[in-house]
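According to TrEMBL, the features are:
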type: DOMAIN; residues: A:6-149; note: domain 'Aspartate/ornithine carbamoyltransferase carbamoyl-P binding'
type: BINDING; residues: A:58, A:59, A:108, A:136, A:139, A:264, A:265; note: carbamoyl phosphate binding site
type: BINDING; residues: A:86, A:169, A:223; note: L-aspartate binding site
type: DOMAIN; residues: A:155-301; note: domain 'Aspartate/ornithine carbamoyltransferase Asp/Orn-binding'
């Protein structure tokens, strides 16, 4: 058994069986992470390069911990302070890193599709850690994995994705992933932040956040991606918080206790209030914990393919 | 295909192995049983049941160990999806009996010992195996309790059938070239 893909570029290319296999493997790694010795020697002969052309706290730390706990050697690269600012191209940068005998590349890039482009030019396995406004596959996997922990099998479960759907790679990867697992998805937010024709991805649109919350079992609240919005799409953050932010009063008015998720970083008081983010219904920190196990599973399952391609 | 152990023979052998364990470890106060996933657990389930009956101690610590992440062939074989590990007790300073169905190259046992040490420092580790394929070891590993020893060559394969999984108890020797591809 192995994944049907050589790289993890997007959830779009995975099948339900791949996702199930990643979850099953992550279960085992989660168990390893609870032991006194949180490390296995599986990839002690593997070197992984984390190449980040965009800022990151969680994802980068999470990948680095996952790699180290699999016994791999890790090199980190960030675009700021590198030769990228001297005009080196993406392929040259990566090929130089690979010339130092690196076996796998974890990459975040601000250009959508960058990992696909890279995959055509290098032999090493690539894990997409976020590309522009396109996909963030490991986030979607850890989100679905965390939902499954709370709700059991996701088939028929209702998931609302709230906020900046237009600029969020988390939203797109989540939609692909949840669809493949049989969950129902509703996206909600200001009309200017919801792409036209998003229904073609198999989701429903509900502009009223309260109604979306009433409908769902779990709400995944997303950050406003101000850095990707090149023209004003809503008037003020205060107005956004007023009409689209999730607060405790809103949650308490619902008939059932829904699960609250957020991929981070949180903008407290904008898309989510502190009394929600820190409430018992919030599993934001469980998501972070599961992230390491999911990334260990992805790296482990992709690493076995090395010899088959040589 | 040649039958090495029939159902009757196999059950007598299992009885003997369990008696040998009890002879050496008496009440199992400081001894734990650990079956190696995925193939060793049918044997370890049987042995655990028999040992409980013979020793009269129903609280024997019995766990399962998955060795997938400790293998030395991650990059040469197809990637394996792990089975689960379930060791809900301390192995610190305990006598550990590792249980696997067939001992062949010894590599699985090497991995199992590495995996085991991550859970603590046992006082002593012993190995119980139903079938010992002699003269085919690639590592210096020898069993302490052996059900049946057999001299095999590389092209042969030993297959163990379990009632729980396959509907019958039997151990057979298969000529790999002719019968499995």
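Glycine is no exception: its Cβ is also placed from the backbone N, Cα and C atoms.
Source: prediction; values computed, not measured.
Secondary structure from DSSP puts residue A:264 (carbamoyl phosphate binding site) in coil.
Of all the binding-site residues given, namely A:58, A:108, A:169, the one with the smallest number of surrounding CB atoms inside 10 A is A:58.
Counting residue by residue with DSSP, the domain 'Aspartate/ornithine carbamoyltransferase carbamoyl-P binding' (A:6-149) contains 65 helix, 27 strand, 52 coil. Put simply, of the binding-site residues A:86, A:169, A:223, the one whose Cα is nearest the Cα of residue A:108 (carbamoyl phosphate binding site) is A:169.
Neighbour list (residue A:86 (L-aspartate binding site), Cβ cut-off 8 Å, at least 6 residues apart, same chain): empty. Between the C-alpha atoms of residue A:59 (carbamoyl phosphate binding site) and residue A:223 (L-aspartate binding site), the distance comes to 15 Å. Other Cβ atoms within 10 Å of the Cβ of residue A:265 (carbamoyl phosphate binding site) number 11 in total over all chains. Here the binding-site residues are A:59, A:139, and the one with the most other Cβ atoms within 10 Å of its Cβ is A:139. Among the residues the record lists as binding L-aspartate, namely A:86, A:169, A:223, the two farthest apart have Cα atoms separated by 32 Å. Taking the mean position of the Cβ atoms of A:58, A:59, A:108, A:136, A:139, A:264, A:265 as the carbamoyl phosphate site, the remaining same-chain residues with a Cβ inside 8 Å of that point are A:56, A:57, A:62, A:129, A:130, A:170, A:263.
For the binding-site residues A:136, A:223, the greatest number of Cβ atoms within 10 Å around a candidate Cβ is found at A:136.
For the pair residue A:139 (carbamoyl phosphate binding site) and residue A:169 (L-aspartate binding site), the C-alpha distance works out to 9 angstrom. It is 7 Å from the Cα atom of residue A:265 (carbamoyl phosphate binding site) to that of residue A:223 (L-aspartate binding site). When the record's carbamoyl phosphate-binding residues A:58, A:59, A:108, A:136, A:139, A:264, A:265 are compared pairwise by CA position, the greatest distance found is 16 Å.
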